[in-house]
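Below: one structure, written as structure tokens.
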């Protein structure tokens with residue numbers, strides 16, 4: 001009688017054995033499978049071109065499982081197999097190079113005495129305790145990203161896009177220097193060229209307000225010179241004593257005249 005009961009239980013389990021949902025996702029080559037199904041399963045993986053299956057997990061219930069260490073070649077397809085008794089099901093993946101998603105870069109702004117540095121750190125894969133930048137590595141599909149940085153200055157709501165040249169990049173990240181006296185905010189996005197067509201999410205926005213050690217005034221044409229002269233006159237009056245004010249005011253007047261003359265000459269050259 002006991003044998004009949006055992007056989008009946010095994011028969012019932014085999015009837016209900018079924019994978020009801022399955023999902024594979026790889027972000028920065030951190031690869032996971034998520035699945036639901038009744039009972040416990042043995043899970044194995046086979047790469048294209050290799051006959052044998054690699055056992056990944058034994059007698060495990062539904063859930064999310066890391067399989068990052070098992071696909072041996074990032075450029076070929078592979079299969080994930082679930083087994084419970086006589087029930088078997090295989091799930092196909094076109095390969096990590098096609099399926100992998102790349103996360104956003106990390107953006108840092110650093111102020112120096114005479115400039116601000118924008119540093120864009122490449123997204124990275126985690127291998128054990130090591131963080132390995134995703135940049136022109138054969139074991140990561142030779143992926144490298146070309147970045148676009150969106151700058152916003154002062155109170156402006158319209159971003160100014162700037163494409164980062166790959167010559168400004170190393171194996172760890174990209175670096176450019178720029179100058180502004182206004183508050184600046186930056187966010188960056190990476191994208192690949194070619195058939196893989198990877199596009200990252202935008203990075204978190206970072207902002208920096210420079211220390212105002214320099215007074216500035218934009219001059220685009222000679223019509224802007226009076227505004228420049230008025231602004232600098234206020235600076236002279238508020239920052240310097242009367243003896244210095246007299247000298248600096250004369251210097252400001254002659255400088256303003258020289259700038260006006262120079263801009264007028266440029267304008268004549270432009271239309272000649």
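Using N, Cα and C of the backbone, Cβ positions are placed for all residues, glycine too.
Secondary structure at residue 42 (N-linked glycosylation site), as computed by DSSP, is strand. Marked as N-linked glycosylation site by Swiss-Prot on the basis of sequence analysis: 42 (among others).
Sequence-distant contacts of residue 150 (N-linked glycosylation site), defined as residues of its own chain at least six apart whose C-beta falls under 8 angstroms from its C-beta, comprise 159, 160, 161, 162, 186, 187, 188, 189, 202. DSSP gives residue 150 (N-linked glycosylation site) a strand state. Residues or ranges marked as N-linked glycosylation site in Swiss-Prot (evidence: sequence analysis): 150 (among others).
In the three-state DSSP assignment, the secondary structure recorded for residue 267 (N-linked glycosylation site) is helix. The N-linked glycosylation site feature in Swiss-Prot is assigned to 267 (among others).
Under the heading signal peptide, Swiss-Prot lists 1-13, citing sequence analysis as support.
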Using all protein chains shown, find which of the glycosylation sites 42, 267 scores highest when you count other CB atoms within 10 A of its CB.
42
